[in-house]
Amino acid sequence: MKRLFATLVALTALLFFGSLVTGPAGFTPIESIKALLSSDQSPITMVMQEIRLPRAILGLAIGAGLGIAGAAMQGYLRNPLADPGLIGVSASAALGAVLAIQTGFAAAWALGLPISALSGAAAGVLIVMLLSGPQGSTLTLILAGIAVSALAGALTTLVLNLSPNPFAANEIVFWTMGSLADRSMTHVWLAVPFIAVGALIIASTARGLDALTLGEDAAAAMGVRPARIRLALILGTAAIVGAGTAVAGSIGFIGLVVPHILRRFVQARPSALLWASGLGGAAMLLAADIAVRIILPSKDLKLGVLTALVGSPLFLHLIYRTKRQGL
Amino acid sequence: MQISKIINLASALTLVGAVAHADAPSRVVSINLCTDQLAMLIADDDQLISVSKLAADPRSSAMAEQAADLIPNSALAEEIYLLDPDLILAGTFSSRATVSMLERLGIPVILFDPAYSLDDVRDRMIQMGDALQQPDRAAELIAEYDASLAAYRAEITERPRAALYYQNGYTSGDSTLAGQILATAGFDNIAEDAGYPYGGFMPLELLALNNPDAIITGTPYPGASRSDEILDHPVVDHLRDRLPQAVFTDRDWVCGTPYVLRAIEDTAQLRRTMTGATE
């Protein structure tokens, strides 16, 4: 377990550094780090401190958040297909964010954007959990997720098409695929506190999630209250996904892929899977964000394209296995 | 109506092109924002009956007031046919379906290429003068236009470096109308150094690294969007803060009409303040 922790921390740190030194403006890693720590007003300092640092921080925080949220939902629903992106939580968060931007709520109040996205995410996760029930049968979970995704996506598209702004309609792809391009420190301050609080709330459910693996009754006998866990999970997931989506659009599959890969290293213990998925999610999003800058530096390739390329085959594989088990 | 006819007749009699003038098109409809404005500048009273809806929108049209007196059209073949025009003016990129439909219905259509340079603007004015059979009016406008351009080009002593930066990080290079406006106003365009001679999406990083002396951004549109957000990024703010005044690309930059002179004047004013040059 210690080795896993050390490996994941090292990998994440390496990718964080990689994210800082990757970009269309080519200067050496040493120059980059010097500029990052300097306080002059030179162009390189501007690039490092105002463009690349916020991008790397957001990649780290949002990736970690999505990993934790995915692991927690899979633990609670005892279903490996639960992922905030797949079951419509990200799509509802995007709808909340788009509404806040288009109504001017986001401009009127600094916290308007994350709060609105968070409310959208909370509504999405609440609907899915109510529809699928605490047992989380695969069929109802996926069906509820599809319905919520489709509705939120359609409403987002409608709002953007109604906008008088000629650029709004082109932004549908950002809200469905996600991107970290050209973010600033303002976005970091908007998103990271919410993600941190959400992660802490979810961490508080760790012991309960472990107990739940023994079944609902055994967990209740151990003093675990599933209703309390569910509330914490809804709030925590909404805070993480809402804040992340508000500044980077919906990024799918991280919450699905990462817990799946790491589960066997932590002997399938949900509490250990939480922190492991946090680190793994950060590493995966940072890697994806480096890749979009290397593959198509000038085109602002969306993050969702890469995470889906990795995630979809795995998703299909999971469904195939679920089917074989006769569920 | 009566008076203008008399004046027309009087001028026609004194001119060589008197015969051509007599059967000049009298019910002209324009369906493109840029041909709208050129036509309004050059057409005779009552010669032009309808312009596109956009021409009356002050955000995109430099001649919104004049356009308010004309019938607005949405560039749909049906409504245009009902106006019973004897000439249609359209852009080469505008509504291909409408244009071919109108041609099939037997109405003459004259297509105008978009202007990519200040020389193109002059060519379009000549073309419009010929289309409307008002070559003298066009020649008058062109003479003024050439004189103003020469004056702007003569006054430049020092060329600061500037960037044109629009929503989503789009920039325009020297081979575009906006780039030419910028160059004539006395700025070197960093898009050239950054490798975007025609323009394109320039990452914020490259903008910061090329460190222009001045930045000219797109006009924010109503109804917020994420695309506008980049224009408020700290890097752009930082570049803008160093300038004595903010300059936006607006309706004067959109079309190849003599109004580009106004865009050049605004931009040249920025350069004069920056370099301490006097007019």
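Each residue, glycine too, has its Cβ placed from N, Cα and C.
Annotated transmembrane segment per TrEMBL: A:53-73, A:85-105, A:111-131, A:138-160, A:188-209, A:229-262, A:274-296, A:303-320, in sequence order.
Within the chain, the transmembrane segment (A:138-160) has long-range Cβ neighbours (under 8 A, six or more residues past its boundaries) at 77, 79, 81-82, 86-89, 91-92, 94-95, 98-99, 102, 120, 124, 127-128, 131-132, 168-169, 171-172, 175-176, 322, 327. Sequence-distant contacts of the transmembrane segment (A:111-131) (same chain, six or more residues past either end, CB-CB distance under 8 Å): 84, 87-97, 99-101, 105, 140-141, 143-145, 147-148, 152, 190-191, 194, 230, 233-235, 237-239, 241-243, 245-247. For the transmembrane segment (A:188-209), the neighbouring stretch richest in Cβ pairs under 8 Å, chosen from A:85-105, A:274-296, A:303-320, is A:274-296. If you look at the transmembrane segment (A:53-73), the same-chain residues 6 or more away from its ends with a CB under 8 A from one of its CBs are 12, 16, 19-20, 36, 82-85, 87, 180-181, 183-185, 187-188, 191-192, 195-196, 198-199, 202-203, 205, 209, 233, 236-237, 240-241, 243-244, 247-248, 251, 254-256, 258-259, 270, 273-286, 289. Beyond its flanks by at least six residues, the transmembrane segment (A:303-320) meets 80-81, 86, 176-180, 248-254, 256-257, 260, 284-285, 288-289, 291-292 of its own chain at Cβ-Cβ distances under 8 Å.
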